[in-house]
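According to TrEMBL:
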| type | residues | note |
| --- | --- | --- |
| COMPBIAS | 549-559 | compositional bias 'Basic residues' |
| COMPBIAS | 561-582 | compositional bias 'Basic and acidic residues' |
| COMPBIAS | 596-607 | compositional bias 'Low complexity' |
| COMPBIAS | 624-637 | compositional bias 'Low complexity' |
| COMPBIAS | 653-669 | compositional bias 'Basic residues' |
| DOMAIN | 529-585 | domain 'Signal recognition particle SRP72 subunit RNA-binding' |
| REGION | 524-669 | region 'Disordered' |
| REPEAT | 223-256 | repeat 'TPR' |
| TRANSMEM | 12-35 | transmembrane segment |
Amino acid sequence: MFQNFPYCLSPVANLWVVKLILLSTWTCFAFSLLLQINKDDVTALHCKVVCLIQNGSFKEALSVIHTHTKVLTSDSITFEKAYCEYRLNRIENALKTIQSASQQTDKLKELHGQVLYRLERYDDCLAVYRDLIRNSQDDYEEERKTNLSAVVAAQSTWDKVEPEDLGLQEATYELCYNAACALIGQGRLNEAMKNLQKAEDLCRQSLSEDSDVTEEDIEAELAIIHGQMAYIMQLQGRTEDALQLYNQIIKLKPTDVGLIAVIANNIITINKDQNVFDSKKKVKLTNAEGVEHKLSKKQLQAIEFNKALLAMYTNQADQCRKLSASLQSQNPEHLLPVLIQAAQLCREKQHAKAIELLQDFAEQSPADSAQIKLTMAQLKIAQGSVTKACIILRSIEELKHKPGMVSALVTMYSHEEDIDSAIEVFTQAIQWYQEYQPKSPVHLSLIREAANFKLKYGRKKEAISDLEELWKQNPKDIHTLAQLISAYSLVDPEKAKVLSKHLPSSDTMSLKVDVDVLENSPGATYVRKKGGKLTGENQQKEQGQGDVKKKKRKKKGKLPKNYDPKVTPDPERWLPMRERSYYRGRKKGKKKDPIGKGTQGATTAGTSELDASKTASSPPTSPRPGSITAASSAATSNMIPPRHQKPAGAAATKKKQQQKKKKGGKGGW
C-alpha cells in the first residue's frame, strides 16, 4: 500500500541569536590583505571566517578554521565551526563540535536545538528549547516558540506521542501551522483544518502589510499551508479535491524541494495503480537535489517504498527487486520490503517462492510473524489450499481466540465441510475466554454461536452443554430454553419433560386482542357467521371449536351455446380427436392434376382438349374468312391460350430461381 505523509514546518534554520556584522565581498578582501601582513592576527582571522559565512562560503570558512587551529582556539571559534558543519549537512560533526565546547552559550544552545531536530532526537531538542525560553530575554522569543511548536508537531506526527499543552498562543501563522500538524498526528482532522484556515488568514494579513510583497509571493508562502490542507482532504477521502489542490501547488513551482517531494509522493498515492504515466513524472520530482536534507527518515523511507510499488505496478520486475532489496538491506527488520518482494513473486505466478520468502523472514523476525502468517494464509487461499490456510491461521497464538479469527476459521472449515474442525475452533476459543475472561460478553457470544452452529449441523447432543451454560447465565431466556428442550428431546426425553415445566404457561404468552374490534377494522378479511341461537350439543361444539369459516359457494359452469339437454353428451368429448374410438383419420383429397410442370408453356391438364389434331374436324392452320361457325367461334373465344395460362407452381419456381441468382454473388449473369 502506498504511504503518504504531511510536511511539518521545521525550525527556523537560519536563526542567529548573535548579531554578526554584515560584511561585503570587498571587506573580506580587506581582511585578506591584513592577514598578509600578520598571518596570526586572531581578530582578522575571526572576521574573515564570519565574512565567508555571510557570503555562504561555508567550505572556505571551515578551511580557514582548520588551517589556523593553533591560533583560533576551540572556545573562540566553536560556534562558527559548528554552524559551517551544520550548513554543510555534517550534522554528526556539528553535534560533536557543540558538545566539545567548554561553555554552552545561548547561541550554541540555539544551534544545538537545530542539530538535535535534524537528528530527530525530539525529546532532547524539546528540553533545549524549554531551557532557552526560560533563561533568555531578547527579541527572539517568538522564533524560539515557533521552533518549540515544530518539535511538538514532529513528536506527534512521527513518534505518535500525545503532545502536552505548552500554553503557546497561536498569534502567528507559523504557530497555527505547527499546531495543525500536531492535531493531524492525533487524528483530529477537522480541528487541524480550522487551524490551517486561521494560519492562511494570518499569513495573508501579515504579508499584505508589506508593499514590496506581490500576490505571487503570498501564494508561494501559502503553498505549504495549502499542501497540508490537501493532505487532510486526502485522509478524509476527498481525493479529487486533494489532487486538484496538489496540482495547483506544483504549477506555482515552489522553491522548497522538500514540499515538492512530499506533494509528488502524495499524488502517487492517490493514483495508485492507475495513471502510472503521471506517477512516473511525479517520481522525478522526489529525486531533486537536497531532498534528503529536508525530509525526515520516515518520509524518505516512504518515498522509496512507493517507488518500489510503482515499479511493480508498471511491470518493471527487475527495478522492483532492486529497490526492495536495497530497502531490505537498509532496514533489515522492516516488513514492507519483504511484502513487496512477495507481491512481485505472486505477480509472476511464483506463489511457492513467495511463501518460502515470507517463512524465512518470519523465523528471523518473530515480532512480525503474525502479519507474515496472515499474508501466507491469503496466498494459500488464492492457490485454493483452504485447509492449509486454516492450519497457518491456527498457528497464530495471539490471534486464534479472537472473534474475527474464529469466524474466519469456522467459515473456511464449513466451506470444506470439516464440521469437526470448526467445532474444535469454537471449543478452544471458549476455553481461552473461560480461563482469562469468564462470563465476558465475548465469551457468552462465542458460546451462543457455537450452540447455534452445532444445532445447524444436527449436533444437538454436543450443543446441550453450551445451551445449559447459556441458560444458567440467563434463566429468563425462553429462546435458549426452547433450544435446550429440543436438543434433550432426542437424547433424554424425560429431561426434556422436566425442563418443559420451566416454560411459561400459554395464558401468559397469549396476546390480549379484542377480536370484535379486529374483525370490524377496515383491513379485516374474515367475517364470522351470524346465525341463530344454538342449543344443546351444537352450542357446546360451537364453544369448543370457535367460529366456523363460511364456505364459498361454487359457481355453476357455463354450457355451450349449442347445448341440447335431450341429447346425451359424448362421453369421449374430453379426449383428443385422435384418441377417440370412432376416429378414422382424415380423408385424402383427390389429387389435382399438376399444372405448369414441364417445359415452358406446356400443360398436363386438358391437353387432349387443346390438341387440335385429336379433334374430329380440325380447322385449317390458316382459316379462311367466314369458314368458322358460330359454335366453334364461341368455344374458342372462351378458351385461354397456353402461353396465357399461369401454372400453379410458377410463383414458387420464380422465387427459387431468384434465390439461386442471389447465391451467385455479383454479376447476375
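Heads up, the Cβ atoms here are built off N, Cα and C, so glycines get one too.
Residues of the repeat 'TPR' (223-256) grouped by DSSP class, helix first, strand second and coil last, total 26 helix, 0 strand, 8 coil.
Mean pLDDT of the predicted structure over the domain 'Signal recognition particle SRP72 subunit RNA-binding' (529-585): 69. Mapped onto DSSP classes, the compositional bias 'Basic and acidic residues' (561-582) shows 3 helix, 0 strand, 19 coil.
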